[in-house]
Amino acid sequence: MPNYIFWPYESLFENSAAQGPQVALAISFEKTHFVVLGVCEPQYLEEVSIRPPYSVVATKNNGAEGWNYKVADPCNVHFRIPKLKFMQFYSSDPISLIIPEKEVGLHSSVGETLNYSKLEQHPRYKRDNKKLSETLNIINLFPAYCKALNELYPFIQTSQENLRGTMLNSVAAWCSSTCIYKMVAKIGFYLTFVICSIASLVSSLLNYSHFQLVNYSAFVQQIDLRCQQICYFPVQYERINKKDNIQNVGSMVEKDNSNSQFSHSYMPSKFYPDYILLYNTIWLIINDISFGLILGAILIENRDFLVSASHRVLKFFLYDSLKTITETLANNPLGIKLNAELANFLSELFLWVIEFSYTTFIKRLIDPKTLSSLLTLTIYMMFLVGFSFAVSLAIDFFAILSFPIYVFYRISSKLYHCQLNIMASLFNLFCGKKRNVLRNRIDHNYFQLDQLLLGTLLFIILVFLTPTVMAFYMSYTVLRMLTITIEIFSEAVIALINHFPLFALLLRLKDPKRLPGGISIELKTTVSNKHTTLELQNNPIKFKSMFRPYNLLLSQMRTNYFSFATVRKIVRGESIMVNRNKLYYVLYSSLPSKPLSVKDLYKRLTIQA
């Protein structure tokens with residue numbers, strides 16, 4: 001089995017012009033490969049003993065082009081040093097833009113996750129992949145290990161530009177020690193705690209166990225989302241600003257020079273997803289308010305036209321069209337002969353509901369003065385808190401106005417569903433069968449003649465009444481699906497505003513190394529080389545992985561509302577509901593499942609301060 005030696009390009013280029021003999025010094029632990037940290041001249045090592053985990057892996061004679069390796073069957077792997085300052089790092093697995101506790105819930109199948117976990121624990125997979133992962137951890141902390149080596153052996157040339165003290169760092173350290181800075185930090189601490197406490201209290205009230213308002217209102221859910229984001233900001237900031245990770249590497253190497261398990265817990269890249277999620281959320285909030293300012297200005301200029309047009313459209317859709325459809329259903333629509341008595345009864349019932357709802361609240365809500373006041377409120381809301389709040393308020397307003405359609409759909413679907421169940425039971429009776437509820441099966445049964453006659457008469461009556469009930473049911477089902485489509489489309493717009501991976505896309509275009517999607521190792525051996533040479537490269541994350549929550553959201557929408565299962569529900573008369581909480585759960589992937597309490601929040605802020 002070859003011994004892999006990871007060489008940084010910077011070290012190769014810095015020492016390629018040197019003519020004298022050289023010695024390459026590397027670090028390696030029990031579960032890692034060799035990683036070259038620097039080179040020096042041999043005379044510096046004559047009076048110094050190199051202690052583990054450091055060792056000499058190669059030497060170079062005076063004027064020689066190649067290296068003489070001290071290990072058997074060496075294999076060189078060249079890599080470029082990741083810049084910790086710019087949050088570049090290597091990762092064998094694609095970086096996750098989702099909180100780990102939400103990963104299992106977003107998988108299409110929990111069984112797939114369990115199978116992958118079992119495969120990951122296989123000895124062969126664990127042996128090969130673990131060694132490479134631990135080596136990548138050393139590479140990611142390469143400047144820190146170089147600093148630790150340079151402090152122990154100052155004569156060794158290492159590449160540690162990222163850790164050299166600068167004047168800016170000195171000025172920042174001096175400013176942080178002044179009284180003014182401490183006073184401002186104290187004020188910021190208490191101000192942050194008060195804001196987060198209010199947000200946490202509001203979120204707790206909206207998610208009260210006995211009556212969760214977030215399940216019934218899009219506007220309330222938007223408030224809850226923003227409150228949870230505000231509460232989670234300090235936690236994300238505290239995670240991404242830990243500076244003890246790099247500084248303690250040298251002491252940890254001295255304490256435990258045979259094991260590298262500590263390196264994973266000291267990896268700064270562990271919290272890079274929080275960095276991306278934090279600034280992505282901040283950018284989206286700023287863009288949300290920007291869109292609100294732009295669209296609010298447009299709405300102000302066209303307010304009179306929008307009010308009059310909205311009044312006409314809403315009156316036609318919620319009153320005139322409903323009344324026309326209901327009256328048409330009572331008069332044999334499309335030449336289909338319906339049961340006159342049942343059609344007139346249902347038509348008069350629905351017409352009474354239409355008139356009652358219109359005179360009670362719809363007429364007042366769609367009045368031009370009311371619409372003008374509501375539009376003004378929406379515009380001010382756009383200016384203050386963003387476009388998403390205005391859209392969510394419009395969704396709730398539309399849901400209130402379309403409540404009569406929901407009532408008609410529920411009544412007709414219940415009638416249709418009950419009629420189908422009764423007809424199925426009577427058909428079993430006609431065939432001499434009976435449903436066994438305990439065993440959930442159809443058994444043969446003997447019925448009396450009068451039972452068969454009565455069942456047959458009822459079955460025939462229901463068969464002749466089915467076209468009438470179906471006509472009302474299908475008409476209001478179409479209207480209900482139209483309202484659901486409008487609500488879902490508006491919810492998708494809100495989801496796009498709140499959770500679009502804008503910051504991640506910009507990072508992907510600007511610096512793909514900050515969003516690793518795995519690694520690739522390519523062969524670089526030339527004819528003059530005696531040993532195999534490989535090149536370690538960072539593969540950027542795929543765009544498909546960045547939009548994975550949206551793919552799951554679209555899949556849920558298609559499955560629940562626009563699939564064969566939806567058609568089957570309509571045929572059976574089952575209710576089609578908008579489960580906003582289940583639909584929107586996918587897009588809460590950047591937030592913890594349980595909102596932070598005030599006590600936990602205070603602990604986080606205290607640690608950060």
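Including glycine, each Cβ sits where the backbone N, Cα and C put it.
What Swiss-Prot annotates here:
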TOPO_DOM  1-186  topological domain 'Extracellular'
TOPO_DOM  208-280  topological domain 'Cytoplasmic'
TOPO_DOM  302-380  topological domain 'Extracellular'
TOPO_DOM  402-451  topological domain 'Cytoplasmic'
TOPO_DOM  473-485  topological domain 'Extracellular'
TOPO_DOM  507-609  topological domain 'Cytoplasmic'
TRANSMEM  187-207  transmembrane segment
TRANSMEM  281-301  transmembrane segment
TRANSMEM  381-401  transmembrane segment
TRANSMEM  452-472  transmembrane segment
TRANSMEM  486-506  transmembrane segment
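Using the rule of three or more Cβ pairs under 8 Å, pairs at least 6 apart in sequence, the transmembrane segment (486-506) is not in contact with the transmembrane segment (187-207). For the topological domain 'Cytoplasmic' (402-451), the mean pLDDT of the prediction comes to 85. Residue counts of the topological domain 'Extracellular' (473-485) by helix, strand and coil are 13 helix, 0 strand, 0 coil (DSSP-based). Proximity of distant same-chain residues to the topological domain 'Extracellular' (473-485), defined by a Cβ-Cβ separation under 8 Å and at least 6 residues beyond the stretch ends, is recorded for 322, 325, 329, 398, 402, 405-406, 408-409, 412-413, 415-416, 561, 570, 573, 576, 578.
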